[in-house]
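Everything below concerns the one structure shown next.
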Amino acid sequence: MAVRYCAALLLVLSCLFSVSYASLGDADPNYRTCVAECERNGCIGQVCFPQCNSSSSSGGPWYTQEPLYLQWQKLGCQGDCRYHCMVNREKERESLGHVPVKYHGKWPFKRVLGIQEPASVAFSVLNLAMHFHGWLSFFITLYYKLPLKQDKTAYYEYVGLWHMYGLLSMNSWFWSAVFHSRDVDITERLDYSSAIAVLGFSLILAILRTFDVRVEAARVMVSAPILAFVTTHILYINFYKLDYGWNMIVCVTMGVAQLLLWARWAAVSRHPSSWKLWVVVVAGGLAMLLEIYDFPPYEGYFDAHSIWHAITIPLTVLWWSFIRDDAEFRTSSLLKKSKPKAK
């Protein structure tokens, strides 16, 4: 049953993601005409954009004379033309009683200080802050609150793995904030690559912890094929083809797999904090439905994706709380086992 559910979820998400890039807004003749005229004369009605005017006599299009930094940031003529034409067209559609549509794969968001998706950026930054706080509190718990070995290392066997997870998670949310601030090719690829990296490593960590793999050779055997696949996939989407549908299938597969691993372990283990696992697994699974039930941004700011980012904030706090509890639980168990030997 679980396999059928996962397969159906993958199919729906991959289809949904493919459809999201076949946008109705940028196919609208009125929108296309507005953008074409803006790029030609630098004006939308009475509003004109200085960056669209070129004094060059070469006769070439405006974008060949734009400074490189404006082209990269998309704060130049094309970005402004698309944004303001979208705003005007959405006002017309709203007056006619029509619902918002996507433009170039995205809902019509309202900019704030030049930020394209302010709510997603804010929630991404908060997720980054929660991961930093969780990782720092985990570090303090290990080295200042729990007993250490004679060589000043922790008893907990998964210390290095959780440290790497924390760094990868913070890196992923950093690039998420950058991507939602300014959607260009390089920020998109960095965001996707970072997300794939943390998902792949999280899957490795889930396997090693839930099956209690502590032998170094066994850890390498488990990790090597997943690391090879994740590395190959990152190289594929960056240097061969950014296939959105395939990338979504890979991400959802790894995400669902680790949720099932943690759920199985929570059900069979006697961990004192297993209830925290259940909350994260169930809430995380339900939050994925927001990626299926995609809806326009409320007041131009809060869409399904940004709300999903918001939901992950308290889940991140609870998740790092579980990690700290796991370190305390394992340390306590190891110390109890070592006492009879000392006698």
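Even glycines carry a Cβ here, placed using N, Cα and C.
Listed features, source TrEMBL:
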SIGNAL    1-22  signal peptide
TRANSMEM  121-143  transmembrane segment
TRANSMEM  155-178  transmembrane segment
TRANSMEM  190-208  transmembrane segment
TRANSMEM  220-239  transmembrane segment
TRANSMEM  245-263  transmembrane segment
TRANSMEM  275-293  transmembrane segment
TRANSMEM  305-323  transmembrane segment
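The stretch from 155-178, 220-239, 245-263, 305-323 with the most CB pairs below 8 A to the transmembrane segment (190-208) is 155-178. Most Cβ pairs within less than 8 Å of the transmembrane segment (275-293), among stretches 121-143, 155-178, 220-239, 245-263, 305-323, belong to 305-323. Long-range contacts of the transmembrane segment (305-323) within the same chain, counting only residues at least 6 positions beyond its ends with a Cβ under 8 Å from a Cβ of the stretch, are 117, 119-120, 123-124, 126-127, 130-131, 133-135, 137-138, 162, 176, 273, 276-277, 279-280, 283-284, 287-288, 290-291, 294, 297.
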